[in-house]
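Reviewing the structure listed below.
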Amino acid sequence: MEPPPLVLLVGLALLGLTRSLSITSAESAFEKAQGERVTLPCTFELSEEDVGTLDIEWVLIPADIQKKEETIILYSGDRIYNHYHPALAGRLQFTSSDPKSGDGSVDILNLKSADTGTYQCKVKKAPGVESLKIQLNVLVKPASTKCSIEGSQEIGKDIVLKCASQEGTPLLYYDWRRVVTGTQGLPATSVLNKNTGELLLKNASKDYSGTYSCVASNRVGTDECSVELNVTPPINTAGVIAGAILGTLLGLALLAFLVICCCKKHREKKYEKEVHHEIREDVLPPKSRSSTARSYIGSNRSSLGSMSPSNMEGYSKTPYSQVPSEDFERTSGQNQTIASSKSDIAHKIGDITVV
């Protein structure tokens, strides 16, 4: 029995649909490390019914649904256009030199964390249209990992070893190990936190000394650092404190001695200046001896000017050859002698006047 014409037409239509353009790639998610290379697959098959121009378009779907899709590379009319996305310039290319052969995959070189996102491959050849979404996640390997020791490295103390990576995509995990004479192992009292990278060593003993190594890791890589632990006996804190106090007291004593010496020196200089100033104020200027003698002789001559020659005989015997000096005037006994001499001269002058 032959099938009805309507059923035959439907069957042919369905057969035509199954033979139209189709994307054969299966992978839809990739996880790579920064700096690596990834190939986003987009292989397809064409049918005889697909007679239009072949277009292969890759777009980047933003995480924010409010934003529009952005074309990053396009193959159309046997030409490649890859100037749409500046951030991927020089790093994005078609995997095949002839995409129309059925391989519309693209390569992204030197991956960066900013390349993380959802990419969509659209293949069009009228009347066929197909698309495929691929999720790309670019992770950063742990890097610049640093190890450190927190706490006093003394016997009986709790010591914390710390490990942290400056770079790396979460989630990061940390693992500590100790190398002792060729074997690896942590002390029995140690407590490890793999998420924070802290290793707690309780009640440390000298046997805890050694080299400790930390490995930071995530899904795409690892990084390592190490630190040397040297557990020693406790420091004699009492002796250190006593030495510090003694040193402080000695320093204060020396400072006080210097201050006293400076003050004493300052007082001595001030006293010398005051004494010197008083001496200069008490000293009178010396008198001229020649002026004293001239004044004395001149006064005597003026007194003798009124004498007559007849009375000069007796008066000429009075000694005038001695001339008083400055020291002579300041002596009290000599002053009395001069006074008496002047008195005798006055009497004689009076006698001469009477005659």
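Heads up, the Cβ atoms here are built off N, Cα and C, so glycines get one too.
Per TrEMBL, the features are:
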{"type": "COMPBIAS", "residues": "288-324", "note": "compositional bias 'Polar residues'"}
{"type": "COMPBIAS", "residues": "331-341", "note": "compositional bias 'Polar residues'"}
{"type": "DOMAIN", "residues": "4-137", "note": "domain 'Ig-like'"}
{"type": "DOMAIN", "residues": "142-232", "note": "domain 'Ig-like'"}
{"type": "REGION", "residues": "282-341", "note": "region 'Disordered'"}
{"type": "SIGNAL", "residues": "1-20", "note": "signal peptide"}
{"type": "TRANSMEM", "residues": "240-263", "note": "transmembrane segment"}
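When the domain 'Ig-like' (4-137) is classified with DSSP, helix, strand and coil residues number 23 helix, 56 strand, 55 coil. Mean pLDDT of the predicted structure over the domain 'Ig-like' (142-232): 93. With DSSP classes pooled into helix, strand and coil, the tally for the domain 'Ig-like' (142-232) is 3 helix, 55 strand, 33 coil.
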